[in-house]
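Feature annotations, courtesy of TrEMBL:
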TRANSMEM  20-37  transmembrane segment
TRANSMEM  43-64  transmembrane segment
TRANSMEM  76-95  transmembrane segment
TRANSMEM  110-131  transmembrane segment
TRANSMEM  152-172  transmembrane segment
TRANSMEM  192-211  transmembrane segment
TRANSMEM  271-289  transmembrane segment
TRANSMEM  318-339  transmembrane segment
TRANSMEM  351-371  transmembrane segment
TRANSMEM  610-630  transmembrane segment
TRANSMEM  642-666  transmembrane segment
REGION    676-700  region 'Disordered'
COMPBIAS  676-687  compositional bias 'Basic and acidic residues'
COMPBIAS  688-700  compositional bias 'Acidic residues'
Amino acid sequence: CFGFPLSIFFIVINEFCERFSYYGMKAVLILYFKYFLHWEDNLATAIYHTFVALCYLTPILGAIIADSWLGKFKTIIYLSIVYTIGQTVLSVGSINDLTDHNRDGSPDNVALHIALSMIGLILIALGTGGIKPCVSAFGGDQFEEDQEKQRRTFFSLFYLSINAGSLLSTIVTPNLRAQECGIHTKQRCYPLAFGVPAALMAVALVVFVIGSKMYKKVKPQGNVMLQVSKCIGFAIKNRFQHRSKEFPKREHWLDWANEKYDKQLIAQTKMVLKVLFLYIPLPMFWALFDQQGSRWTLQATTMNGDFGILVQPDQMQIVNPILIVVMVPVVDYLVYPLIKKCKINFTPLKKMTVGMFLASMAFVAAALVQVQIDKTYPVFPAAGQSQIRLINLGAAPATVQFQPQLQSVDVAPNEATGYMTFETSKLQSLDIISASLNKTEPLKLLEGHRYTLAFKLGLSDINSNLIWDNVTSKPEEGKNLIRFINNYPFPVNVTMDDMKFGILSPLSVSNYQLISNRDGSFLIEASMASMATCRVLSKKFGYGSAYTISVDDCTGYNLNVTYFEDIAPNTVHMAWQIPQYFLLTCGEVVFSVTGLEFSYSQAPSNMKSVLQAGWLLTVAVGNIIVLIVAGASKLSKQWAEYVLFAALLLVVCIIFAIMASFYTYVDPNEIEAQFSEEKKEEHKKDQDDNEKEAEDDSRM
């Protein structure tokens, strides 16, 4: 088909579906841990990075299985089945109604959901990692030797399908998660967010199987990683057995493998180890890079996602693949040529050093954003303290004096003060004074709690109500807490859309109800006995706010309400994350792309899979670093952790620059050509010797 083997189209479609499945599931994973399994941030981050580390450790296992035992085709089939089962188990584990027997909206057996989720993730890690090194190589196997141009085009299509799958899934699955679904109670729709990727993985498997009769299947030919490992192991063992001084030293410790392995394999292994030595500092880059899906997504949950349309926190990860598509050609065709014109020797290792520095600066930017977010957090009372605020629902101003002689506050009509903090043991009462009216309100407050005193001035007295504000933290997931207070002189029945707040007597307050954010307004209705129902559309509540809404009066059928802000909405916009994504993506372009290119240029042709395994191993170790820091960190402020990671990478960047300065670039092709020439000479010498022996025999 157009000069291509028909089989490669099945492989490209398979890769698109698999990448959609993986990135779609991964995009919502950290929020699933936090909001469904109710894990705190550090535990959620640690488990997330454990999973990612597993995904980058298992490719080594997959490559060994494919090259030494099953072959690429069977390995892809069997591990795709494991992968699909894992996605399905994870989706089932996220069904709230599975154990919600009392129908209160929370799972009754959280342990079962955790067990199913962990089993699913382990199977997914085994599946996605196991097939990672096989699919692209299997696609390459479909071409003949004279189809080099078509093979290059295939790899371009292959990587385009990877980016297309990740891009689409990062848009789609967060939107599916944000929907509400359920049999008995409506919750965030994690079963759908995980179910669609599971369905796509099943499609990937079916598509791959359909093309099975068209594939060119190469038999397993042994794994070079095992050969290299055995060569290194034998050299170490042999050196240890001959450690006494009576044995002469050898030029390189790998030369102790001469007794068993040929010189070419040993020379190639030396070249590979030189590059792998440079890999030692690289995990620190990945420790920062992979936090896009964990810490940065959690950071986005505390920000304002109103871009004209509602952007979910886990959708901000899409900035990275979009910037990759833009930045790769810009860097390749504009930045590098400009640097070359300036006659700067910008070697691959220098590029990687710059990439590390840019990633470090990305986390400095993240820390600056976090400092601004922290300023918007409400301050709750500490031990031995209580907080109180005042709402004047009347038409006249009033002065409130906190006794004994602690503070005096003026409150205007239909206005509220902020929360004021007092030592609980010292605050005994307060006096409300307005014109000739005076009322003393005795106070018996509990430590560590917030209170609201709502009061209204009458003709001859002052009515008041001390309300306990049972809120101890800012609402999460951008949701809002809403309650109503009745400013009518008679009972009022209040609803907002389909939420019922109950019948409120004068100056009484409803309980807070948690509502999801949405682009439009809510319909507030208040009905009174023998009177028509009054209505009004609510204001937009923003993200992560809490409001007390006063039901004041009715003009015609229009309800008049007053909004009192209990907790301010998120004011730092998600767009402020774009600079840190930009810096990190620029770092990725000059680090990751250059790193792979450098590794392949310095490796012998038959050793590229060893370096591929080493590269994936650095990603796994980077994620292990994150889970260690997240588990062991005693830093109470998130911005401080960002600064810590930035500082660690900066130190590693300097170490890598020093290591790189001692590296000598080699041309593997020249070295292989030398060995090839030596082998030819040896072969010719053997032939000459054989001919000479034959001549001698004939003379005899």
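Yeah, the Cβs are placed from backbone N, Cα and C, and that goes for glycine too.
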Cβ contacts the transmembrane segment (192-211)/the transmembrane segment (20-37), at least three under 8 Å, sequence gap 6 or more: yes
Beyond the flanks of the transmembrane segment (642-666) by at least 6 residues, Cβ under 8 Å: 271, 274, 277-278, 280-282, 284-285, 287-288, 291, 295, 347, 349-350, 352-353, 356-357, 359-361, 363-364, 366-367, 370, 602, 629, 633, 635
Residues from the same chain, set at least six apart from the ends of the transmembrane segment (43-64), whose C-beta lies under 8 A from its own: 26, 29-30, 33-34, 37, 75, 79, 121-122, 124-126, 128-134, 223, 225-226, 290-291, 293-295, 298, 609, 612-613, 616-617, 619-621, 623-624, 626-627, 630-631
Contact call for the transmembrane segment (20-37) and the transmembrane segment (152-172): at least 3 Cβ pairs under 8 Å, seq gap 6+: yes
Among 76-95, 152-172, 271-289, 318-339, 610-630, stretch most in contact with the transmembrane segment (110-131) (C-beta, under 8 angstroms): 76-95
Residues of the parent chain within Cβ reach of the transmembrane segment (318-339), under 8 Å, 6 or more residues beyond its termini: 163, 166-167, 170-171, 292, 346, 577-578, 581-582, 584-586, 588-590, 593
Intrachain residues whose Cβ lies under 8 Å of the transmembrane segment (610-630), provided they are six or more past its termini: 42, 45-47, 49-50, 52-57, 59-60, 63, 132-133, 224-225, 228, 272, 275-276, 279, 282-291, 294, 595-596, 599-600, 603, 641, 644-645
